[in-house]
Amino acid sequence: FLMERKTHVKINRKEVMLAKLRKSCSCTPQKLKKFLMDFFPVLRWLPKYQCKEYIWGDVMSGLVIGIILVPQAIAYSLLAGLKPIYSLYTSFFANIIYFLMGTSRHVSVGIFSLISLMVGQVVDRELLLAGFDLNDDAPPALGDGSLQNDNLSNTTAFNLTIAGINAECGKECYAIGIATALTFMAGVYQVLMGIFRLGFVSMYLSESVLDGFATGASLTILTAQVKYLIGIKIPRSQGHGMLVITWINIFRNISQANLCDVITSAICIVVLVTAKELGDRYKHKLKFPLPTELVVIVVATLVSHYGKLNEVYASSVSGAIPTGFIPPKVPEFNLMLRVALDALPLAIVSFVFTVSLSEMFAKKYAYTIRANQEMFAVGFCNIIPSFFHSFATSAALAKTLVKTSTGCQTQISGVISAMVVLLVLLFLAPLFYSLQKCVLACIIIVSLRGALRKFRDVPARYQVNKVDTLVWVVTMSASALVSTEIGLLVGIVFSMLCIIVRTQRPRTALLGQIQDTSLYEHDLEYENLSTVPKVKIFRFEAPLYYANRNYFLKSLYRLTNLDPNLEAARRKKYEKKEKQHLKKGNHRTANGMGIGETSLQLVPKQIDFQALVVDCSSISFLDTTGVNTLKEILKDYKNLNISVLLACCNPSVIDSLKRGGYFGKDFGCMQEMLFYSIHNAVLFAKDQK
């Protein structure tokens, strides 16, 4: 039987688009209010804030994150190739803006190691092209930590006018100019993606690609910090193969290692790792995480200052960190053109990490987020701070986990964290003058534990899915050995190729009947299946389209042990020989049989079936080539008096077959060619003579 299809009313897409356009362009007080409430979600939830219930958790989590943010911000400035003050600016502005525009209650948006690395690679490249020395280990200029002295000390002897920046702009000025231009462009891309609703781009970054990318970038981050750990002065490597080149330079200069930095690094790593392990083990007993990084930084700064490690042992220190805010400045347009291409992967990675974390914690705590609004939020977390000498931001998993574990309820905690950073910016920043860079490198390396532990998960990942493991390995290797941007691109392309290959060569099977049932399954996978006499049931577990057409035919011919084209050619050849013998008057055939026996010889012994049932339950769609392929096998098998029956086709496949003329002009034979279950097709085949 054939089920009657519903008649769908045709939609005039032009009218629908015009109606939506008129609706979106109209302006009423209600629409304006809704727009503001949607664009600034804080206007929705802040008036409903339950102060007695939420305030304690928000204040505690905000203070803890603020305490963690300060040392991390100073440390991650090494990755970005910028002064620590710019990292503090970034952490401050990102928390304030996400508080206003974000839809997640829990994620911590701010400075992130992976984003800092991507910014730093672009900054280093542009500095090198501009003729600056990438060696950042020069002795810091003396000063009281004020903004004016810092600006004077960073004006170099380069008399350049580069991309519109005046001649007094030195290395630091040019570096932050590149970083802000890059950040502004990344934010613009994210806002445009939000306007055009391009959030679906994140779907092409699978979990394996993201994990591999993060792990490969972590290896690059670790490599970049080794020179600070042991206190050697080597050039900052640029371009492809940075990881290998850096390690070669490290081993070449290992004899120049600073003993003071080596000892300090060893002590800091032992303390940090021990504290982290104890914190993980007893986290259920601790009300909030131990501020180990802050304690290490305070103690190390005091030891370095009173021990005069910079003067006596030539240990590299952070130098003067100014207080207050630098006047805002519009990012240079000429620099934006130079980094426009670099900003695209930065925008995508920043958005994907933020949205994936937001969705993960929203699901955990039973609320919803708006991915498109998250795109706007992270976009403006980049655009607005770029005017205030900040660089790109993203949500960070480690800090978000700390927020939730310390009782965070809303983004009020982000404002508290911003106030802690503001306190450091206004008053405490100069106190970190004597902080050794090797201590900052230790904090960065220990923070990579989670990403580096992914190597331990490889065997388990391999047991779950071999293809995903291969995607992880390829992405990780490309990110570490070539570059982070190339690694991300390689990961996306390779994962897509894996999907294409899997649809090009899918699983195929002949099905057998489960005894005393109307169900059918793979005859090589299950025991006690019975074959159906005179019927072959073929399953193809993928869409049928141009790329797998040949594999479909080869698999069908191999499993049924019959190629209809070869069989038809053999029969024609045999008939031709028979006619030649009959013309000569020979009543014996070519193989010595009588004429009466010829008809038996025309039906080959290997054809042991009279009907072929194609199980289409796994065929999600057909293209033109797929329809033509089914029409081809229908014709070829018909020439051998074998009927082809289709079973379990979805409506999309049926429509494609109708449009392709598979059932004829008036669909008169449709009832004898299409069945809603395999069993119905088998019963029909058995009833045929």
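Glycine residues also receive a Cβ, built from the backbone N, Cα and C atoms like all the rest.
TrEMBL annotations: computationally assigned, not manually curated.
When TrEMBL is compared with the stretches 193-211, 212-230, 630-648, the one noted as transmembrane segment is 212-230. At the 8 Å Cβ cutoff, the transmembrane segment (212-230) and the transmembrane segment (410-428) share fewer than 3 close pairs (sequence separation 6 or more) and do not count as touching. The transmembrane segment (472-501) is in contact with the transmembrane segment (335-355), judged by 3+ CB-CB distances under 8 Å for residue pairs 6 or more apart in sequence. With a threshold of 8 Å between CB atoms, the same-chain residues lying at least 6 positions outside the transmembrane segment (335-355) that come near it are 107, 109, 112, 114-115, 118-119, 122, 126, 163-165, 177-178, 181-190, 193, 199, 201-202, 205, 210, 213, 369, 371, 374-375, 377-379, 382, 392-397, 484-485, 488-489. Contact between the transmembrane segment (173-192) and the transmembrane segment (54-76) is not supported: fewer than 3 Cβ pairs lie under 8 Å, counting only residues 6 or more apart in sequence. Long-range contacts of the transmembrane segment (376-398) within its own chain (CB-CB distance under 8 A, at least 6 residues past either end) are made by residues 39, 80, 82, 86-87, 89-90, 93-94, 97-98, 101-104, 107-116, 118-119, 176, 179-184, 186-191, 193-194, 325-326, 328-331, 346-347, 349-351, 353-354, 357-358, 447, 450.
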